[in-house]
Amino acid sequence: MNPLISDFQTPQQRTPVIVALDFSNEKDTLGFVRNLDPTLCQIKIGKELFTATGRNLAESLINQGFKLFLDLKYHDIPHTVAQACKVAADMGVWMVDMHASGGRRMMEAAAEAVAGYGTKPLLIGVTVLTSMEQSDLAEIGLNTAPEEQVIRLAKLAQSSGLDGVVCSAQEAAPLRRELGQDFVLVTPGIRLDVAGNNDDQRRIMTPAEALAAGSTYLVMGRPVTQAADPVAVLREVNRVANLEAN
């Protein structure tokens, strides 16, 4: 267990922050995580880091007390995705995602695969990647606005047994209205200051804006990992979250 445990969380409190560990190797990852407090954030491992390090690093981080979001965006035949979700559950993963565009049978198979676990991972559907705009959707044959496609896929994910979806903060408010208060909304594209942003997240908001819109969890990568004082950033976002909840 990471020794840097704070008294931030009570049974009624939950940090909304998920830190994206966008590193390429185990050394840099562990060097960064060493100074984090698992009560101030969850952590996310994506394709690059998982491909480079495998499950050993993931299990090590879980054993240090972190809730781990395994962000591999499964998209395959139902049996393959179901088996992958079972492996994630066996590892003790907190959250795992899959493309909702994989369809109902794939998502239902995933939900059924983990249903028997006492503590099962949250199953999250990926709707429309936050880097995509309407012109990108048109190029792949979807003549619809991103917001409409997000709602369509989110409804499908919910009715297929998933716990929530990934969506931009702009879609959070309409999804809350459509899908209720218990559906988990995981929001990337969170920046401390959206002015002058020029990275690959197109539909972005600040933490306060995203929480007010209805997001459950906020995915933050570079604003935390490249900060001079990452813990100070996490404490500030959690302070904003507490104010938003009150």
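Numbers run from 1 along the shown chain.
Backbone N, Cα and C atoms are what each Cβ position is placed from, and that goes for glycine too.
What Swiss-Prot says about this one:
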BINDING   Asp22, Lys44, 71-80, Thr130, Arg191, Gln201, 221-222  substrate binding site
ACT_SITE  Lys73  active site, proton donor
Neighbour count (Cβ, 10 Å) for Asp22 (substrate binding site)
17
Spatial neighbours, same chain, of His75 (substrate binding site) - Cβ under 8 Å, 6+ residues apart
Val81, Met98, His99, Ser101, Gly102, Met106
Measuring Cα to Cα, how far is Thr130 (substrate binding site) from Lys73 (active site, proton donor) in Å?
14
Which residue among the binding-site residues Pro78, Gly221 has the fewest other Cβ atoms within 10 Å of its Cβ, if you could check?
Pro78
Among all the protein chains here, how many other CB atoms are within 10 A of the CB of Leu72 (substrate binding site)?
17
Taking the Cβ of the residue listed as 'active site, proton donor' as the reference point, list residues of the same chain whose Cβ is under 8 angstroms away and which are at least six residues distant in sequence.
Lys47, Asp97, Met98, His99, Val126
